[in-house]
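> Just dropping this structure here.
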Amino acid sequence: SFLCVSPQVILVQVNPGEAFTIRREDGQFQCITGPAQVPMMSPNGSVPPIYVPPGYISQIIEENGVRRVLVLPQQPEFHPGGHSPLHHPPPPPHAHLPAFIPHPAMMPPPPHLYPGMAGGVGDMSSQYISQYHPAHIYSEQDSHSQHGRPPFVHRDDRTSKTYERLQKKLKERHGGGGGGQVKESPPLSPHKTCSSPPTADIHNGVGGKGLEVEQELLSHAVAGPDKQAGRGKNGESGELDEEARALQALLSTITKPVVSDVQAKVVVVSWSAPSRPESDGSSVQDSCSPPETFGYEVSVSLSGKDGKYNVMYCGDEISATLEDLRPATEYHIRVQAMCNCLQGSPSEAVSFTTLSCEPDPPNAPRKASGTKNTLVLQWKAPCDNGSKIQNYILQWDEGKGTGIYEQCYYGLQKQYRVTKLSPASRYSFRLAAKNDMGVSEFSEVVDLFTSCSVPLPPFPPELEKAGVTWLCLKWQRPTSSPKEDDIFYILEMEEEGSGYGFQPSYDGDELSCTVRNLHRSTKYKFRVAAYNSEGKSNPSQLVEFITIPDRPSSPCRPVIRGRVLPNSFKMAWEPPKDNGGAEVTKYVVELSEGLSGLSWELVYSGPAMEHVCEGLKPGCSYQTRVYCMSEGGQSPVSHSASAHVHTQSHTWALCFTTGIQRDAHIVSLYNIEYTYPSVYESREVYQGPELDCSVGGLMPGKTYSFRLKAANKAGFGPLSERCEVTTGPGAPEQCRAPSTTCKSPSCVVVTWEAPACNGAPVTEFRLEWGAAEGSMQVCYSGPGLSHEMKGLLPATNYFCRAQAVNVAGVGPFSEAMLCQTPCSVPAAVSNVYALKESELQRYETPVDADADEDEEEEEEEEESSPRPPPLYSPSTCLGICWDPPCDHGSEITSYLIDLGERQPIAIGPVSQHIIQHLQPDTSYRIRIQALNSLGAGPFSHTFKLKTKPLPPQPPRLECTAFSHQTLRLKWGDGPAKAATSDALQYQLQMEDKSGRFISLYKGPCHTHKVQRLNESTSYMFRIQAFNEAGEGPFSNVYTFTTPRSPPAPVKAPKVERLEDNSCEVTWEALPPMKGDPITYTLQCMMGNSEFKQAYKGSSTSFHVQNMQPNSDYRFRVCAIRQCQDAPELSGPYSPTMTLSPQRNDTAAVGGGGAAGSGSRASAESGRARRSLTDEQCAFLLLMVFAVIAILIAFVIQYFVIK
């Protein structure tokens, strides 16, 4: 029976007279006879099923919570149809599960107890593993039984041999006439298992026809659902089960495969289809017709005959070619037949060994070291494929790069030095291995470079462009350096008159640099030096560049000097307070009529600082303003000043004079009229007695015709002939507002039309352009009618106006035209900075707007648990920030960070970012690109950043010395004291009473002494290492405990002689220590012998007796702490007190009283002598030497000097 003792152990009860057979781990069978209890392992605690032997049935009985199975002789009524009751039990439902059964030869007729399950034998799980590996033993009928089925061959050789021995014993029993024993004690047969056999309907010992199957074989297939349902309930289902078993038995008769044509990586395997032996009975052949086709699985094992097999072929052919095998490797191969979802037992395994072949292609050689003219290459041996590698073949292209390779090494070594190479040159190498079977394929080609020499001094830098506070310089790469050499440059600058000398202003691999934050109109000296891995070159020749001056500030507001005349006034102004670093070359005065200030006319341009404005209209108001110009540009205009001119009105006009001869007595009046060419009507311009007149209001460059007639008393005479007069040319008319066309965000085409020329052809057009309407400058001057403006900023407003010029003068400007350039991609990021480590720790990860809404809801739910900020390690992270570039009219939507070999990182519209998951102690080349809705802008300049090394790990903490108040701790491998310049330093912390760790030590030393501790107390410590890479993690918490403190030393005891042979010793008492009582130990020494214990107890005095009168006695005391939960602790001994023997003085007074006083005096004197400490002795010696020195000095002063 089974007793469920625990969820893991089940006891198998073997009754007296019974036997229990198991298989041990070594494969041998062991027979355990009763009475005994065999422990079996059960992972889930349930009871495994037990299968009854032939001729018996099982009946489940539950008594007191223990399930038992009664095995009773089978009655004939349980087997209808006249079948023999000797049927084989079904095997376990899983091939790896043990079944328990008593040995058949020792099974007596009375009922036996077998374990069972409440649900029957078909409810077993697949997790039962026996601790003793019991043998799977089932009965088997004779091969000449009524079914006529031969025994099947099992796949296990050991089981097959056991089966043969059992068959031999069975035949011997049949030969001895013991035929009646077959039913009572059937012979043994090897156990056949199946992964998923049909579950027989067995309840309380009643079994159907499914139990008539003689033996089950190993199989990995599962029967179909039509053969699993309702078995054992009717005859039809029983016939289907028997047919499936017969088919499975047929599949298990497959023979072992045949291996042929064995190559290094290919082998051909063939086999024959399973066939039924001729000795089979006809009844089974009739009921089970052979199938049409079989399927086969070929499995191969690399780990021996009983190792794990992997399927390499599955199909219906009787031969297969297995490829991709390992050369020179032993394989075991077997074949398994399949049909109708059933699998037979695998065939017997056949072993074979593949042939050897040439080695595998080796890995490419690597560069171990190198110089300018040599390369040292190393490589690893590839798989030799069963034949030892004899030589390696190293080939190279000699640095030509043509793809043609020559052999440079042939031998067995795994490294080679290539010499006589050129500096900074590329060489390609490949490697092959050779053994007895041939030469392997060549490895991948690897390109290696030799080191470079120190570069030559570069040419001096050149000025590309100058600004007010910056200078853009460029230089050239040294001509002697090859392209493969990584050359870096250092630009040094010296400011004239600073006294600091040359200071580096740039260090990188670019060929240009913009030096910023300079002073205006200042001279700077520059030089550049190149360096590579081999060293630094000499600097280039010095060059000097000067920053351009800034534009001056506006002059002071002009003032009126003197009296304002009817047609003129005088004005003056002061120079600007800031000339921008350059002298003012001229001043420009503009005049505006009226107080509106809409139109301004140029009235003066020159270096003077005063001007007289003439030709003004009387009775009008005027405004004046001044601006100056220098090499740095034009200054802003000053504040305007107003002046009011008061005069009598008179007219300015053009004069046309004509002389007419007249008789003063006859002619009394003249009349002049003129005609405009385009107008045929005449107009009277003068009538009077004068002989000349002035005609005003004429247009320049036009032809007019005049006629004169005279009048007297009789009337007007006839008109004279026409006189045509052409006026002089004038300045051109005002141009129309120009038109603009945007070709690109940075280019605009401006066109205009020619105005009326006023008698002289237009020779020049002037176009002014500016970002503000009041500060436009001439950008074009020429005869053309269009101009292309380049280098403009996108999404920017610009103003422009045109003006025509001829020989007569300059025409007025046209109206200002507004032009807006279209939006464009963002500009390049100009300034990029690296975040400091402190800023890296305070950095907060930006969150998108969509994520903010989701997080707001989560924060409302979890307000009490805020998220800790993420920690960024400078060893694996790089923090960068940059100045946002100009968006050019379209908002920047994202940035792209390029790291070279890694995938670019896309981030949102932020100005800083933490790059994570980087390699420690590695340099990265970083570029940043801005993007908006119109596209991606240009990349920024490449800059280098390097991650720090990983922080150090904490060392192991040890306690090397301890006392009740101190602990000496040690960590790491190094001297106790170290210099402060050591790169690796440590921080030691101790936990205080509130549970927080406080810092005890921070420095490079490897030891530290912790003082002022309490006795018998546990202290917790942790340690951390840090260097320039950062702070490493804290170690695990170490706990060290201080011991208990011993008692304090006792003062010297007092000794009082009582009699000649006795005395009393007393000493001071010590208070208890934290509740622990104090006891004392008194030791006594007579003469020069050893100290012996005279007393031990809690008293502070002791009476010493039986003393010898003529001997010296010495006494000392120590205190002992009686610990409650630890051994007692002894303190130091007190100073020794000596008791001298009593002297026999003849003049003794008072007898015994005198003796007692003498002994006390001796004791006191001895105590006084013993109480002198080492410090006191040293002080006495020092005083003696001081006195002697003073005496010697006095003697020398008195006798020698005087």
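Note that Cβ sites are derived from N, Cα and C of the backbone, with glycine treated the same way.
Unlike curated records, TrEMBL annotations are generated automatically.
Relevant sequence annotations retrieved from TrEMBL are reproduced here:
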COMPBIAS  847-863  compositional bias 'Acidic residues'
COMPBIAS  1133-1145  compositional bias 'Polar residues'
DOMAIN    253-357  domain 'Fibronectin type-III'
DOMAIN    361-454  domain 'Fibronectin type-III'
DOMAIN    457-550  domain 'Fibronectin type-III'
DOMAIN    551-650  domain 'Fibronectin type-III'
DOMAIN    731-824  domain 'Fibronectin type-III'
DOMAIN    865-950  domain 'Fibronectin type-III'
DOMAIN    951-1045  domain 'Fibronectin type-III'
DOMAIN    1046-1144  domain 'Fibronectin type-III'
REGION    140-159  region 'Disordered'
REGION    170-207  region 'Disordered'
REGION    221-241  region 'Disordered'
REGION    843-871  region 'Disordered'
REGION    1131-1167  region 'Disordered'
TRANSMEM  1178-1201  transmembrane segment
> Is it possible to list how many residues within the domain 'Fibronectin type-III' (361-454) are helical, extended or coil according to DSSP?
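Once the DSSP states are binned, the domain 'Fibronectin type-III' (361-454) shows 0 helix, 41 strand, 53 coil.
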> Run through the domain 'Fibronectin type-III' (865-950) and tell me, per DSSP, how many residues are helix, strand and coil.
0 helix, 38 strand, 48 coil
> Quick one: mean pLDDT on the domain 'Fibronectin type-III' (253-357)?
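Result for the domain 'Fibronectin type-III' (253-357): average pLDDT 83.
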> Where DSSP helix means H, G or I and strand means E or B, what are the helix, strand and coil counts for the domain 'Fibronectin type-III' (457-550)?
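Tallied per class, the domain 'Fibronectin type-III' (457-550) gives 0 helix, 43 strand, 51 coil.
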> Work out, from DSSP, the number of helix, strand and coil residues along the domain 'Fibronectin type-III' (551-650).
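Result for the domain 'Fibronectin type-III' (551-650), in helix, strand, coil order: 0 helix, 43 strand, 57 coil.
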